[in-house]
Amino acid sequence: MTQNTADTHASAQAQEVIAKMRTLIAQVRKHNNAYYVMDEPTISDNEYDQLRLSLIELEERYPELTQPDSPTASVGDNPLPSFSQVQHDIAMLSLGNIFNYQDLQEFMRRVNDRLSDADRNPEYEIEMKLDGLAVSLKYHNGQFVRGVTRGDGQMGEDITQNVKTINNIPLVIEAAQDIDVLEVRGEVLMPKAGFKRLNRLAQENGDKTFANPRNAAAGSLRQLDPAVAASRPLAFYAYSVNQGLPEAITLQSAALTWLKQLGFTVSDFERVKTAQQVQDYYESMIQKRADLAFEIDGMVIKVDDLTLQSQLGALSREPRWATAYKFPAETVMTTLNSIEWQVGRTGQLTPVGKLEPVQVGGVTVSNVTLHNFGEIQRLDVRAGDTVSVHRAGDVIPKVTRVWHDLRPEGTSAVTLPTHCPVCDSPVVLPEGEALARCTGELFCPAQQQEALIHFVSRKAMDIDGLGERWLISFFEHGIVKTVADIYHLNEHADELVTLEKLGEKSVSNMLRAIEESKKTTLARFIYALGIRGVGETTAQNLAQYFGDLPELMGASIDALEAVPDVGHITAELIYNFFRAEHNIEVINALQQAGVYWDKVEQQALDNLPLEGQTWVITGTLVASGMSRDDAKAHLQALGAKVSGSVSAKTSALLAGEKAGSKLTKAQSLGVRVVLEDEFLKMIGAS
């Protein structure tokens, strides 16, 4: 390679790096403005962190190409012009972030590297990272005089009149009368309960609701009319004293204790020595997070000794003596590598996104549902796109954003398959429906497999020990084709022992569970058949209304529509199901194999004793040994709806032994609590 060629190549590479920097700078600036100025962030904190880290990594790798207007050296953006602007006496810095135990160890190593041998391995103070708006409060001789937002870290906005309306902020501090200037910094936030009330009132009045408590708190403080802020449920949590701290107080933890004595609210905090102690406290707070009265998104770790804090100093944006240990992200960015189509038991085609594996909320996610073709069109998502994936608690991960400006060249729009990817039958998308379906029905192996899996599931025939893996294996080996074949597996016992190395004990347990499942209920049997549109509650209503299977199978569409929760479309689906010859053959084969149930005493569903009531079950039913599913079936037979969570609309809570938080919540809401002995009398089982 000649020198000219090498120079040209280097120049081209530099231009490519600069172009990427400019794109990231534009993105970070855009979201800085949305977050710090408008208080309407359009991406999650984690997505913002990832954009910023990408820019920092480029700048560290190519320092000579760092752009002069890079936002990595500043905290935020310009304050709003509608409030007067105030210069901070001491810059209000932001915090750096760490995300795992290795980051934590590295942070502590950096602290030690800047300390003398005698001062190394200092004690740390850990407190909650509150998710609100950072505010500085200033007092002159104990009198509150000014409240200012962080703004860009150097200049903030004067929100004094709004701050005065926050109930837990002391406006006069007698114990600070001898302190010329006292500056207290902290976070203004909106507790979860207040946030819910505020949004509920907004909905009732037809007003705009807030996306989250942080936006609600920030939006309330930015109101030009203090009366609006006064009407909002805001709270202030102090986290530092930046001017006026008595000389005798030399620790951050002691400063927080002093603030409490002055009348400020502070969050819980802990003093620790080692990285493992930090990690243990951090992990315990992840578990407690949902039960807190306010939102937190991590923990703040600070060197506890204030003298050492001064020695360690700060970078342009953040202190060296503190960092934010963020909780596992619930929204992260990754690459959508491909889109595949899966076929469900009713023939529904569901697009599934195959992701570059990524940690979301502490769990590795590699697949994400895209729901249906309409959702793909709405998102305008393509294979190769950068996407944001969200997962909260036990919620199934989903794509919440597609980064179209990061889309690589050469991608193509997703098209709906014309034929089933499994059986090659035509795919239809009925007019007015969002779900495309394979027309292969029982000809389609995917639908056959899903029907088998549904049939043995816990809420259907509840055949313990016959899991999805074995069912698919039996299906692929031709041993099981229809659900009725399950009850003839005993005829293949020897073959099953050698198949997939099941073993005699596993086969014996499986066959016993199959035999025990023959005694079932009509509602379970109806649900197990997998009729499209018939869920658990509808199956219960059908059983209660018709009493036995022959009456249901012979019902007209009009008769079916008379059943609660059964509309015209569902009635047609049920009617057609029982007129398909292969379905009749399977039902007959099941009954011939010994599947049976007790006839249900017919009742008009609107005359049931618990009709219109919503019940919740918690704890263990020890006296009867009854499972929650069986208790649920009894309650449904009496007309009740059974929910998984307690609310003000809950009619009663069935509480067994070791009832937990649901019982506490029910008692606080005044919900009727029914103990097991009363429940057994109610269902005639005592």
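Each residue, glycine too, has its Cβ placed from N, Cα and C.
Positions annotated as NAD(+) binding site by Swiss-Prot, on the basis of sequence analysis: Asp45, Asn46, Glu47, Tyr48, Asp49, Ser94, Leu95, Glu127, Arg150, Glu187, Lys302, Lys326. Around the Cβ of Glu47 (NAD(+) binding site), the same chain contributes Thr331, Val332, Met333, Ser388, Arg401, each under 8 angstroms and 6 or more positions distant in sequence.
In three-state terms derived from DSSP, Lys129 (active site, N6-AMP-lysine intermediate) belongs to an extended strand segment. The feature active site, N6-AMP-lysine intermediate is assigned by Swiss-Prot to Lys129, with sequence analysis given as support.
The DSSP secondary structure for Cys438 (Zn(2+) binding site) is strand. Per Swiss-Prot, Zn(2+) binding site is recorded for Cys420, Cys423, Cys438, Cys444.
Across the domain 'BRCT' (605-686), the DSSP tally of helix, strand and coil residues reads 29 helix, 18 strand, 35 coil. Among the features that Swiss-Prot reports, domain 'BRCT' is placed at 605-686, with the record citing sequence analysis.
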Quick one: Cα separation, Cys423 (Zn(2+) binding site) versus Asp49 (NAD(+) binding site), in Å? 45
Determine the mean pLDDT over the domain 'BRCT' (605-686), rounding to the nearest whole number. 81
Rounded Cα separation (Å) that holds between Arg150 (NAD(+) binding site) and Lys129 (active site, N6-AMP-lysine intermediate): 16
Which are the residues of the chain, Cys420, Cys423, Cys438, Cys444 excluded, whose CB is within 8 A of where the CB atoms of the Zn(2+) site average out, their centroid? Val343, Gly347, His419, Pro421, Val422, Asp424, Ser425, Val427, Thr439, Gly440, Phe443, Pro445, Ala446, Gln447
Pop the Cα-Cα gap between Asp49 (NAD(+) binding site) and Cys438 (Zn(2+) binding site) into the table, whole Å please. 43
Other Cβ atoms within 10 Å is the metric here; tell me which of the binding-site residues Cys423, Cys438, Cys444 scores highest. Cys438
For Cys444 (Zn(2+) binding site), just give me the three-state DSSP call. coil
